[in-house]
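Participant: Pasting the relevant annotations from Swiss-Prot:
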- 1-41: topological domain 'Extracellular' (TOPO_DOM)
- 13: N-linked glycosylation site (CARBOHYD)
- 21: N-linked glycosylation site (CARBOHYD)
- 42-62: transmembrane segment (TRANSMEM)
- 63-72: topological domain 'Cytoplasmic' (TOPO_DOM)
- 73-93: transmembrane segment (TRANSMEM)
- 94-110: topological domain 'Extracellular' (TOPO_DOM)
- 109-188: disulfide bond (DISULFID)
- 111-131: transmembrane segment (TRANSMEM)
- 132-153: topological domain 'Cytoplasmic' (TOPO_DOM)
- 154-174: transmembrane segment (TRANSMEM)
- 175-206: topological domain 'Extracellular' (TOPO_DOM)
- 184: N-linked glycosylation site (CARBOHYD)
- 207-227: transmembrane segment (TRANSMEM)
- 228-250: topological domain 'Cytoplasmic' (TOPO_DOM)
- 251-271: transmembrane segment (TRANSMEM)
- 272-294: topological domain 'Extracellular' (TOPO_DOM)
- 295-315: transmembrane segment (TRANSMEM)
- 316-326: topological domain 'Cytoplasmic' (TOPO_DOM)
- 329: S-palmitoyl cysteine (LIPID)
């Protein structure tokens with residue numbers, strides 16, 4: 001392949017990485033030169049907005065002096081996952097700026113890529129959990145009152161974080177900084193020990209990390225939309241009124257934004273697998289997949305800074321919480337004294 005994807009630098013030997021310069025498919029050289037200069041700036045911009053936005057969201061949820069609801073527990077974990085994710089983006093921005101010459105050492109090569117990979121799984125699993133929670137509230141409201149517990153939501157989030165860390169373990173173990181003599185660089189690459197690992201990787205990435213969660217998300221949200229459309233105002237009365245509907249609109253928007261941002265990456269990752277097993281060939285496909293992966297990665301990264309924007313512009317209850325936090329943090333002025341009360345205080349003062 002002529003270049004590597006940000007999340008999965010894929011070559012299993014140096015000859016593949018050397019194809020960056022030696023491949024006969026050199027039609028996209030100008031596009032790559034432009035990408036090396038422009039993409040790092042965009043990634044750093046996403047990092048800045050994602051860092052500030054997710055810190056703001058976490059502050060609003062965690063600083064209010066009241067317990068989180070079940071839905072808010074999931075949203076806090078989603079914001080925390082996005083925050084951890086954007087902390088790794090400056091390393092990748094510098095890596096692209098250096099044309100994949102990794103300057104940060106072997107440990108950060110493993111850690112940064114492991115964190116990014118874990119976030120991919122944690123985010124979509126949280127989307128499934130959030131969708132399932134809304135499904136219970138809207139479609140099975142009576143049962144949800146007995147089953148929805150904060151303790152269960154926290155336990156679910158802990159399991160999701162653990163599974164995400166487990167699925168990112170191969171990335172942490174197989175990533176390393178290797179010298180590429182032809183290019184005179186040291187690249188952070190994924191060294192797969194056997195060709196069969198390519199199949200295992202695509203099953204993990206596309207099936208476990210997208211298709212199965214996508215099926216669950218479509219199932220839950222399809223029933224949610226059908227319930228809202230079929231019950232109308234009656235559903236609001238049964239499930240607790242407009243508050244639940246506002247939360248549902250926010251969550252449906254978050255889910256839709258996540259799928260739109262991440263679907264292109266998974267499509268191009270599958271095309272990359274087809275190219276590796278020679279199911280598709282030719283310079284057109286090579287350039288199309290390589291450039292598409294880079295742009296799809298950038299598009300996926302935007303989701304981490306898009307969620308806080310959705311909270312502000314779509315989440316009415318979130319804006320209410322922002323106002324509550326402002327009032328909580330703003331010192332209250334004492335109420336003005338009436339004239340009779342003022343005279344009574346002065347009389348007691350002079351009497352003493």
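Heads up, the Cβ atoms here are built off N, Cα and C, so glycines get one too.
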Participant: Between the stretches 73-93, 111-131, 154-174, 251-271, which wins on the count of C-beta pairs under 8 angstroms to the transmembrane segment (207-227)?
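Facilitator: Answer is 111-131, with the largest number of Cβ pairs below 8 Å.
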Participant: Report, in whole Å, the straight Cα-to-Cα distance of the residue listed as 'S-palmitoyl cysteine' from residue 184 (N-linked glycosylation site).
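Facilitator: With the alpha carbons as reference points, the distance is 55 Å.
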Participant: Could you tell me whether the transmembrane segment (154-174) and the transmembrane segment (251-271) have 3+ CB pairs under 8 A, leaving out pairs under 6 positions apart?
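Facilitator: Judged by the Cβ rule, the two regions do not touch, with the required three close pairs absent.
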Participant: I need the CA-to-CA distance for residue 188 (disulfide bond) versus the residue listed as 'S-palmitoyl cysteine', whole Å please.
Facilitator: 46
Participant: State the count of C-beta atoms found within 10 angstroms of the C-beta of residue 109 (disulfide bond), not counting that atom itself.
Facilitator: 24
Participant: Test of understanding: give the count of other CB atoms lying within 10 angstroms of the CB of residue 184 (N-linked glycosylation site).
Facilitator: 8
Participant: Drop a 10 Å sphere on every Cβ of the recorded positions 188, 329 and tell me which sphere holds the fewest other Cβ atoms.
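Facilitator: Taking 188, 329 as the recorded positions, the minimal 10 Å Cβ count falls on 329.
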Participant: Give me the Cα-Cα distance between the residue listed as 'S-palmitoyl cysteine' and residue 109 (disulfide bond), rounded to a whole Å.
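Facilitator: Answer for this pair: 41 Å between alpha carbons.
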Participant: With a Cβ cut-off under 8 Å, give me the same-chain residues at least six positions beyond the ends of the topological domain 'Cytoplasmic' (63-72) that come close to it.
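Facilitator: For the topological domain 'Cytoplasmic' (63-72), the far contacts come to 130, 133-134, 148-150, 152-153, 247, 251, 321, 324-325, 328-329.
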Participant: Counting CB pairs under 8 Å, which listed stretch among 111-131, 154-174, 295-315 touches the transmembrane segment (42-62) the most?
Facilitator: 295-315
Participant: Which residue counts does DSSP give the topological domain 'Extracellular' (175-206) for helix, strand and coil?
Facilitator: 11 helix, 12 strand, 9 coil
Participant: With DSSP, how much of the topological domain 'Extracellular' (272-294) is helix, how much strand and how much coil, in residues?
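Facilitator: Per-class counts: 17 helix, 0 strand, 6 coil.
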